[in-house]
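**Student:** Residues or ranges marked as transmembrane segment by TrEMBL: 32-56, 83-108, 159-177, 183-208, 263-281, 301-321, 575-603, 623-646, 696-716, 722-740, 801-825, 837-858. Summarising the annotation, TrEMBL assigns domain 'ABC transmembrane type-1' to 36-327, 579-866. According to TrEMBL, the domain 'ABC transporter' annotation covers 363-654, 902-1153.
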Amino acid sequence: MTSRQRILPRVSHLLPVVSYARIFRYAKPSEYSLQIIAIFAAVASGAGIALQNLIFGDFITTVTKFSTDRLSPAEFRDDAARLALYFVYLGVGRFFLSYIYNSLLTYAAHCITRNIRREYLAAALRQEVAFFDLGTGGSVATQATSNGRLIHGGISEKLALTFQGLSAFVTAFIIAFVVQWKLTLICLCIAPATLLVNGAAAGIMAGYETQILTFHAQANSFAEGILSSVRTIHAFGMRGPLVSKFDQYLADAHAVGKKISPLFGLLLSTEYCIIYLGYGLAFWQGVRMLARGEIDEPGEIFTVLLSVIIAATNLTMLAPYSIDFTRAATAAAKLFVLIDRNSRIDPLASTGEQPSESIIGEVELNNITFSYPTRPGVTVLDDFSLKVPAGKVTALVGPSGSGKSTIIGLLERWYNPHSGSIKIDGRPIDDLNLHWLRKHVRLQALDKASKGRTTIVVAHKLATIQKADNIVVMTDGRIVEQGTHESLIQADGVYSRLVKIQDLSVDDDESVSSTDETNVAGNTRGDTLEISKTLTNHSALGTSTDQDRDNYALHKQRGILYVLARLVRDTPELLWPYFFTLAGCLLGGAMFPGQAILLANVIDIFTLTGSEMERQGNFYAKMFIVLGGGCLFAYFAIGYATNMIAHQLSHKLRKQSLDDMLRQDLQFFDRDENTTGALVSRVDSNPQSILELMGYNVSLILVCALNVTACSILAIVHSWNLGLVVVCAGLPPLVGAGYLKIRWDAKIGRDISERDGSSASIASEAISAIRTVSSLAIEEVVLKRYSAELDHAVADCRRPLFTMMVCFAFTQAIEYWFMALGFWYGCRLLSFDKITIYEFFVAFLGVFFAGQSAAQLFQYSTSITKGINAANYVFWLKGLQPTIQETDENRKNGPSSGGTSVDLDEVRFSYPLRPSIPVLRGLNLSIKKGQFVAFVGASGCGKSTMIALLERFYDPSTGSINIDKSPLVSLNPRLYRKLVGLVQQEPVLFQGSIRENIALGIDDPVVNTSPSVEAPHVSDEKIESALRAANAWEFVCSLPEGLSTSAGSGGTQLSGGQRQRIAIARALIRNPKILLLDEATSALDTKSEKVVQAALAEAAKDSDRITIAVAHRLSTVKDADAICVFHKGKIEEMGTHEELIATGGLYRKMCEAQALD
């Protein structure tokens, strides 16, 4: 078993029904109550749907009696009015019941999904750090949101409609059995056939859906790594290769999705075919029984027939619902895997000792042996022992990879040692409550609070630990020497050589770098053991503000017709699937009008007798079989083609969304709402919503629209006076209410999507900084923030949801009311001989089926509005043009002389989202090729901002930057950046091998073996040369797989110093004419820093290269041709090291603070 298999949770293979049922375990008692009430309402509503068959049956009997002169016109009108009132009552009941079940169940679904998301993030925060070392963090953060949406879709209105449908199915058959049990028994065969098809297809599709979700989770994890590193991607032109690699995950998911197409086509077509075969069987047998006298009235046949129709129709509606249930169950199973995982080191567990007495602070590490779970073959600490006295400062120094940071991780209990023990005040830390331990062991910058405490310092900058009580020098997981600064200098060993390399003054009594003089605030509790690290790679969790909201909020929202037309226009490769969908919808849309004509003709049979009735009955029974055959072809085409369309669109739009985001400039990513987590959520959820729209739902829209149109025309053509009255009285208010419902739904969807983005940002930020979260013991704080955002989302949707459902309830009730109108008015026309019985039934049934289709359409409005909202965002993003991009005007404009000079002319700058805060205040500087220029100064003075402007991440507010005498704003950013190499303070690596990461430094490298990626090959020799220049070749060769070693997501498989050297190699491999170093050596150990600095200095001597370095460690820029001292956005001083020392200004004070001679 590999280390990855040992650490990662296994995917559940539970049946979909088991995972689905478990979802409801996360409901609170109040939410259970809402669900129970809603389910009872849905069941009652379904019973009401079936009860209409009794009214229809009585009506057929009444019309037959009237046509055979057994009822007078007046009696006929009275009976019709009485039956019409029954429909009015059914409509009233349906209004209240549909309002109750849909509003309560949808609201409960929001609550349950919130609870599962909260539980899932809590489970994630409980996991040990080794779990996240495998690069699963991005997947964890996004699955809470993306899978939560799928769960919500499967337990809200679709669940209500399922209970309603099942109730209608059962009630219809009960009514049919009571009316005519023998005929009903014969028709009952359609139920097991339909259930068998549903069950088999759902089981197979569940397996495919699990695979798709797995591939999408991997893609989301990779996308998170990309979107959190946009500066590096822009600087090196990595957008194309990284999006291509992202596309590989999507291609795998798409390949699985295509396998569902024949299954879904078979599911839909078989169910609809079975329905019409059932109609034919019921009618054929019913006519025979009526002719033989086994049935008294034709109304009984129609009651059974319509009951079979209602039962079968509601059963077939489970087909599209089953897809939602399968997706919900699959998504839930993915979340439950982590929820069920027992963490080996649980920070939220209540077990373990919590000593009440104050900590003394004595730390002992005894015979520790350790290797990281992700690389078990590489020993990091080998039989390591160390005793740290209480109240003293102990410093750990040594080369990168020597195990210094590992000791911090073990003391924080991010990992457990393989052997040996760690004790605090004689207690094994394994016995202590983990939350209590981390509250007393704090990872933070070195500060005054370390005074009087046990402090362990990991340091590269040796000036910061000169006054430490004990300095421990480590190499290869062992201690090579230890002592005070003075004793180690006198020993003239490893430490002494490190000091000399850093050019530190060993006699300077005025050093201000001791632990009690560092100006950083810290914790002031008296009983806390402090573990300090001078170079931390994590930032505290920030908060989002509402200022400068994204312009998408002002974007005009397009309607469904525009969305569908735009999606079709943008996907010409789907021409044939669109054609087959349209053909299937035209054929499927003809079913209801054909059924209306067929049923109207059927009624004439009941005026016949004997063999003629049976002969005509046989003919029309065959017509039902013909309709079934038409459905077989129509719905197979619909199911197959729409699934192909949906998965192809999902694939394309996921890739397009990520590409469009990476196309934007830095200003887009600076916005509060465009955090990494929110954008990854968009990349995942928007295409999924469009998939649901363009899947079966788009065919439903077309079929319903065709049915409404055709049936309305049919009614008006056959009986204009009845058809016009009922169509004009019923359809406009139905469509109006449905339109209002869709508008409300769209607004709620946008609000929820915004809240989902905010909650996804919190989860993503917490998981990506899991070490910071765990070291500060703020898991509960993160959960509270996350829960608050989820609670706000639920609270915000409550009022508009319950208001919107009034419109929905109206759409479900009004069909009964205009059926009542049709009954009453049609019978009046019939009694006065204004229309014939045939015209009446064609018109009435046409209006009836039109109303049913329109009402059914609005049952899917939530999925439709989600798809419309998602498509609007995708269209907006695609049309959003960055302010800094390649255009027709600058396409051929590169630096005229290849980057031989850089001139700053009165450069002023404020960040676009903070225009009132000036960062740079009129910079003037001229740099020629061959020069090495350094920017130094306090934090926040504008040094790194100037690097960002030189990379053209932003343009100056005023003034200009000129490259080879040409304004930088006039150049093609792609051609310019090809000449620039950037090494940032925080090294950014991507999921993939070391070879792939370095090759990304070349424009359009081969980063995978996909034949779709055509790019020049980067030889291993060229990569080796870059690695040697960055002093990284030796450590890469020492890795088990060499260049093929995985860097892990974000480079987690490498130490900080190793990551930085890979980043330096990536910059040097492009042989840049302008080399920008933003604290390029800050994460390196002393030995590596010296060698790399020598390599960078050698690179800076290139007569064709300009090197600009930002540095806090002044020893790295002593030899610069010019040192620019920044202060409050201006260059206060400029000159060589010697010149600036002689002036006695800011630079000299900075040197004295760093004990630099």
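If you go along the chain as it appears here, the first residue is 1 and each next one adds 1.
Just so you know, glycine gets a Cβ as well, placed from its N, Cα and C.
Any TrEMBL annotation is an automated prediction that lacks curation.
Mind mapping these onto the model and telling me what they sit next to?
**Tutor:** Under 8 Å from some Cβ of the transmembrane segment (32-56) lie the Cβ atoms of residues 24, 83, 86-87, 90, 93-94, 97-98, 100-102, 104-105, 107-108, 160-161, 163-172, 174-176, 179, 302-303, 306-307, 310-311, 314, 812, 816, 819, all in the same chain and six or more residues away from its ends.
Per-residue confidence over the domain 'ABC transporter' (363-654) averages 76 (mean pLDDT, predicted model).
Below 8 angstroms of C-beta separation, residues 60, 63-64, 272, 283, 298, 568, 620, 623-624, 627, 630-631, 633-638, 640-642, 644-645, 648, 698-699, 702-703, 705-707, 710-711, 714, 837-838, 841-842, 845-846, 848-850, 852-853 of the same chain, each at least six residues beyond the ends of the transmembrane segment (575-603), sit close to that stretch.
Residues 257-258, 260-262, 264-277, 279-280, 283, 571, 574, 577-578, 580-581, 583-585, 587-588, 590-591, 594-595, 598, 691-692, 694-696, 698-699, 703 of the same chain lie 6+ residues outside the transmembrane segment (623-646) yet bring a C-beta within less than 8 angstroms of a C-beta in it.
Long-range contacts of the transmembrane segment (696-716) within the same chain, counting only residues at least 6 positions beyond its ends with a Cβ under 8 Å from a Cβ of the stretch, are 264, 268, 320, 323, 560, 564, 581-582, 584-586, 588-593, 596-597, 638-639, 642-643, 645, 722-724, 726-727, 731, 842-844, 846-847, 849-850, 853-854, 856-857, 860, 863-864, 867.
Counting only same-chain residues 6+ beyond the ends of the transmembrane segment (722-740), those with a CB under 8 A from a CB of the stretch are 708, 712, 714-716, 804, 807-808, 810-811, 814-815, 817-818, 821-822, 825-826, 829, 835, 839-840, 843-844, 846-847, 850-851, 854-855, 857-858, 861.
Residues 45, 52, 59, 80-81, 83-85, 87-88, 90-92, 94-96, 98-99, 102-103, 106-107, 110, 722, 725-726, 729-731, 733-734, 737-738, 740-741, 744-745, 748, 843-844, 847-848, 851-852, 854-855, 858-859, 861 of the same chain lie 6+ residues outside the transmembrane segment (801-825) yet bring a C-beta within less than 8 angstroms of a C-beta in it.
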**Student:** Is the transmembrane segment (837-858) packed against any residues at least 6 beyond its ends, judged by a Cβ distance under 8 Å, and which are they?
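**Tutor:** 63, 67, 592-593, 595-597, 599-601, 603-604, 700-701, 703-705, 707-708, 711-712, 714-716, 718-719, 722-723, 726-727, 730-731, 734-735, 737-738, 741-742, 808, 811-812, 814-815, 818-819, 822-823, 826-827, 829-830.
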**Student:** Ranking 159-177, 183-208, 263-281 by the number of C-beta pairs under 8 Å to the transmembrane segment (301-321), which range is first?
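**Tutor:** Answer, by Cβ pair count: 159-177.
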